[in-house]
Amino acid sequence: MKFAVLVFPGSNCDRDMFNAAIKSGVEAEYVDYRETSLSGFDGVLIPGGFSFGDYLRSGAMASVAPIISEVKRLAAEGKPVLGVCNGFQILTEIGLLPGALLHNDSHLFISRNEELEIVNNHTAFTNLYEQGEKVIYPVAHGEGHYYCTDEIYQQLKANNQIILKYVNNPNGSYDDIAGIVNEKGNVCGMMPHPERALETLLGTDSGVKLFEAMVKSWREQHV
């Protein structure tokens, strides 16, 4: 299995994503936003940061980058796509995930560890966790308030698309939502950073199982 780690001007978690992929036992390669092909890749990791300086709004300019059409193609083919923080914002901007990310209710940038709950462990991203398991991931965002209409929220609930919730909501997200998947279950976006949660020495290794779950799910289908 080989992951593409997208790199935009202003990305600052691409190395963490690369390391997470390698640590999970697969290949990874950085892919510049100006590229026009993701041929040969089995999945996409869209890292956090401040793509294009968050001009217009977070993820807006990245959403029209040349590589995005290929991200949509891989998603349509059922390949795994994970967007974290700014990556989540990009996924909502390009329509692969519903809703939007707004400014935190506090209007402050939040950077700290947060306790989260796995509320759906029947996805390609969470199947190595226990249902209801509590995990610790770092958060680092100013625009992490997940917002959606009541209609979309009911669809998310009906389809079990909500996978991760905050135990102590730090940003005002609708129903404490921290992470969701698309209806097909192969595209995932979350504001917390599992790629920064790989070593107990650094405070938490709760994120290891998420990347291992992605690899496990892919291998079950292709090996």
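Residue numbering: from 1, along the chain as shown.
Cβ from N, Cα, C; glycine included.
Taken from Swiss-Prot as is:
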ACT_SITE  CYS85  active site, nucleophile
ACT_SITE  HIS193  active site
ACT_SITE  GLU195  active site
DOMAIN    3-223  domain 'Glutamine amidotransferase type-1'
Taking the Cβ of HIS193 (active site) as the centre, how many other Cβ atoms fall within a 10 Å radius?
-> 24
Determine the mean pLDDT over the domain 'Glutamine amidotransferase type-1' (3-223), rounding to the nearest whole number.
-> 97
